[in-house]
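S.K.: Per TrEMBL, the features are:
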ACT_SITE  Asp219  active site, nucleophile
ACT_SITE  Glu243  active site, proton donor
BINDING   Trp98, His137, Arg217, Asp311, Arg371  substrate binding site
BINDING   Asp219, Glu243  Ca(2+) 2 binding site
SIGNAL    1-16  signal peptide
SITE      Asp311  site 'Transition state stabilizer'
Amino acid sequence: MLRLLTASLLATSALAATAAEWQNRTIYQLVTDRFATPDGSGPPCDTGDRKYCGGTWKGIISKLDYIHDLGFDAVWISPVVANLEGNTTDGQAYHGYWTQDINSLNSKFGTADDLKALSAALHNRSMYLMVDVVVNHMVSNSDPPDYSNFTPFSKESNFHPECFITDYTNQTDVEQCWLGDKDVPLADLNTEADDVVSSLNSWIKGLVSDYAIDGLRIDTVKHVRKDFWPGFVSSAGVFTIGEVLHEEPSYLAPYTKVMDSLLDYPAWFTLTAAFKNNTGNLTALATTVWQSQASYLSGELMVGSFLENHDQPRFQSLTQDSSLIKNAMAWPFVQDGIPILSHSSERIGADHHSYPGQEQGYTGGGDPSNREALWYSGYIEDKPLVTHVKILNEARRLAIAANTSFLTTAALLYAVSESTLAVSKPPLLALLTNVGNISTAATTWNVPDAGYPANEVLVDVLTCNKVTADNSGGVLVHATSGEPQVLLPTSALSASGSICSNLAAQGQSSSALRNVVASALPVGIAVALVFFVSQLTFDF
């Protein structure tokens, strides 16, 4: 009892992280019901049943060391409020997105003390808590809904008149018509009404305060009018990252002005297309990045960069080529933005079973197959992609430590072709390719403007192989493996670190590189953007 009370008291204050401080972080996203059970058991969990499987907030606490050991310092959990009870034609509300009562917690996930204990456990590890929230709708299993089941929005006037979205090119329909269908209608809240707005703003302020939440992931952002969001974000008082599901940067650009960050869906569309086979197009990915850098309020620097999430098919349902998988997984860690990894994305190996998942190599397709239970993996850390994720997290940390401008300097893309792409974000240089692991042809990356001091010794942290910059600081690399390469100067490595520590330069300064980054790169970025943007057509 004393332990629980102590945890609750510790959780009464969030770490009060700013958006800039969130940039330093890497985020591990999990589906609460599918991550870990409170007693460590592994009950059956058939994703096709779409039912609760038993994961809880206590279960998450028991596996925080696993997340921390992967190198993540922020955790994004499922929505926490009370959801629709019972069965529907679309299963149960195990995912947390079918809100019925915003003033109560989802008892399937635990108690208020359990959630406070999770917050405290994260903060004790200097980790951040991000909670998913739904503002757009409440959910019923009947049509018309029984509005009396909704708290506090128990009147029909609290909602837009029923009409299901049929035309996604009509923004009024997108914002005021309903998601779902007549079996499970997602009743669209009237966020034009002052009383609804006031209730939502008051609720989010209390939720953040009561559970010491450090950040919010906001669902279905494009389905609510844009000018609603500044007041809601201000009431929350913490970092916010929104979901705007659309493939065009020009569509997302206005939303970058109303909250701190957005999930980088435009890049996700081209990222998956580029790496799902060896005929993908990395030029299309680069073009999307250039468009986003030019049109978003903070360029790509504040986006949430990801390869997988709970709404989209597992990348490993698209390909089983390990080289393509490693290249695609490297992307969020080596470019601008905040890396996000979906639970079990790191799992891969020879022991695929019927619930294969990102660090654990799970291969489920679309919803619900992509929401596998992680306990089937045994949380084993001795797997290729687990190691891959750990190295990528550590490489990003080393780059941040070596260059104070790393997080605020936009990435430059070089050696762009259908099959190659170099991401320059000094002191880190990532060399990516989609030729795959069956290719025997040589792949070449030529980056003459990499910005390194002459003859700087670099290390591919994924293999610990050395590369030496030329007399002008450029980098020319040939390879035949199809594997990604993530280069750092030996001066950026740590002799006490976990990656290539035996190659860490002793007493070598990287101040020359920092000076290049601080002075020359912003000019280069401007020139590059002007050149590339001048060749692009935008539809604002």
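Cβ coordinates are placed from backbone N, Cα and C, and glycine is handled just like the others.
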S.K.: Quick one: pull the CA-CA distance for Trp98 (substrate binding site) versus Asp219 (active site, nucleophile), whole Å only.
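M.R.: Answer for this pair: 11 Å between alpha carbons.
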S.K.: Quick one: Cα separation, His137 (substrate binding site) versus Asp219 (active site, nucleophile), in Å?
M.R.: 10
S.K.: Quick check for the class: what is the C-alpha distance, in angstrom and rounded, between the residue listed as 'active site, proton donor' and Asp311 (substrate binding site)?
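M.R.: Counting only the Cα atoms, the answer is 11 Å.
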S.K.: Could you tell me the C-alpha distance between Asp311 (substrate binding site) and the residue listed as 'active site, nucleophile' in angstrom, no decimals?
M.R.: 11
S.K.: Including all protein chains shown, what's the count of other C-beta atoms within 10 A of the C-beta of the residue listed as 'active site, nucleophile'?
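M.R.: Neighbour count, Cβ to Cβ under the 10 Å cut-off: 20.
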S.K.: With Cβ-Cβ distance below 8 Å and at least 6 positions apart along the chain, what are the contacts of Arg217 (substrate binding site)? List them in sequence order.
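M.R.: Listed in sequence order, they are Trp76, Met130, Val131, Asp132, Val133, Thr240, Ile241, Gly242, Glu243, Leu263.
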S.K.: Over all shown protein chains, what is the count of other CB atoms within 10 A of the CB belonging to His137 (substrate binding site)?
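M.R.: 25, counting other Cβ atoms within 10 Å of His137 (substrate binding site).
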S.K.: Which site among Trp98, Glu243, Asp311 has the most other CB atoms no more than 10 Å from its CB, taking these as recorded positions?
M.R.: Trp98
